[in-house]
Amino acid sequence: MPSAFQFQCHLVLIFLAASKGETRYLEVRDAGEDDPFLLLSEDLKRELSAGQIYRRSLRCIDMLSIEGQFTFTADQPQLHCATFFIGEPEELITIHYDFVNIDCQGGDFLKVFDGWILKGEKFPSSMDHPLTTSQRYVDFCESGNIQRSIRSSQNVAMIFFRIQQVGNGFTVTVKKNSNLFPCNVISQTPSGRFTMVIPHQHRNCSFSIIYPVVIKISDLILGHLNGLFLKKPSAGCAGMGDFVELLGGAGLDPSKMFPLADLCHSFHGSAQMKIGCDNTVLRMVSSGKHINRVTFEYHQLDLQETETRKENSIEEFCFPSI
């Protein structure tokens, strides 16, 4: 049985896996129950000719993984609405207000959040984002025409809005921008391959996969010696300055997840683990002294794999009944 977090995040994964044609559900606090989300496939992307802008209406709870122009018009008072945006790992998202007709004085609001929030948990976590939590919100009712375009710091962003007057609404244009060194990423699919590079920067970067997965790290460059250490109360890599950790949990925020393993030193080869958590995160901590790089691949953990334990698997933290 999927957990509450998985059920909530499977809305996320609807378009996380939109290019694969998968359909799932998501739930946002106080948003109520909605029908399955209508997602965009690669076929639609191919059908759009060069220069053609995709346009459609937004639902109160919606998800977008494609560029275009999107309009929301209230057909009844809407108190708790949100739209989630996602790009490829190497993309940033720009949201531009083309038209806004809301009653700010009457209690309406329209806010962009740099990242995602789900049930009070944030991605990226406050520890891994360059801005404070308050700076990650851009409130149209406060900024107005001063800031009509907002660019995300990673491949995900979202808007919250409340519109109480029937007929009021807004139109936004969403565009994608290249990011040479992707840092914090939510995977659009339950399987893939990725290389994370932090070039002499003092920052932390997390790659989130909202599935139980098998993850295999094939290359890690930290400027140290070889080594892989499972987490123990008295052990860890925090003193190394540069390291990679694997996290697992039932929420969205990496800072609230259970630390499963530390990789403190460079190696070339293969380190594979099964992580049976609702959400798996590979997080790189960088002191800025080195060009740190990690290459890994992952695929969804199926039922047969969860029943077959191996010495390098880590599922007991997330499957207490096994």
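Just so you know, the numbers here start at 1 and follow the chain as drawn.
Every residue gets a Cβ built from N, Cα and C, even glycine.
Those TrEMBL annotations? Automatic predictions, nothing curated.
Annotated features in TrEMBL:
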DISULFID  CYS60-CYS81  disulfide bond
DISULFID  CYS104-CYS141  disulfide bond
DISULFID  CYS183-CYS205  disulfide bond
DISULFID  CYS237-CYS264  disulfide bond
DISULFID  CYS277-CYS318  disulfide bond
DOMAIN    52-177  domain 'Corticotropin-releasing factor binding protein N-terminal'
DOMAIN    185-306  domain 'Corticotropin-releasing factor binding protein C-terminal'
SIGNAL    1-21  signal peptide
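CYS205 (disulfide bond): 24 other CB atoms within 10 A of its CB, across all protein chains. Take the CB of CYS237 (disulfide bond) and look out to 10 A: across all protein chains shown you find 22 other CB atoms. Note: the Cα of CYS60 (disulfide bond) and the Cα of CYS141 (disulfide bond) are spaced 19 Å from each other.
Note on proximity: among CYS81, CYS205, CYS237, CYS264, CYS277, the disulfide-bonded residues of the record, the Cα nearest CYS141 (disulfide bond) is that of CYS81. Comparing local CB density within 10 A for the disulfide-bonded residues CYS81, CYS264, CYS277, the maximum falls on CYS277. The distance from the Cα of CYS237 (disulfide bond) to the Cα of CYS205 (disulfide bond) comes to 16 Å. Sequence-distant neighbours of CYS104 (disulfide bond) (same chain, 6+ apart, CB under 8 A from its CB) are PHE140, CYS141.
Ranked by how many other Cβ atoms sit within 10 Å of their Cβ, the disulfide-bonded residues CYS60, CYS141, CYS183 place CYS141 at the bottom. In this structure, the C-alpha atom of CYS264 (disulfide bond) lies 19 angstrom from that of CYS183 (disulfide bond).
Between the CA atoms of CYS277 (disulfide bond) and CYS205 (disulfide bond) there is a gap of 20 Å. The two recorded residues, CYS81 (disulfide bond) and CYS183 (disulfide bond), have Cα atoms 28 Å apart. On the 0 to 100 pLDDT scale, the domain 'Corticotropin-releasing factor binding protein C-terminal' (185-306) averages 85 in the predicted structure. Within the domain 'Corticotropin-releasing factor binding protein N-terminal' (52-177), the DSSP-based counts of helix, strand and coil residues read 10 helix, 67 strand, 49 coil.
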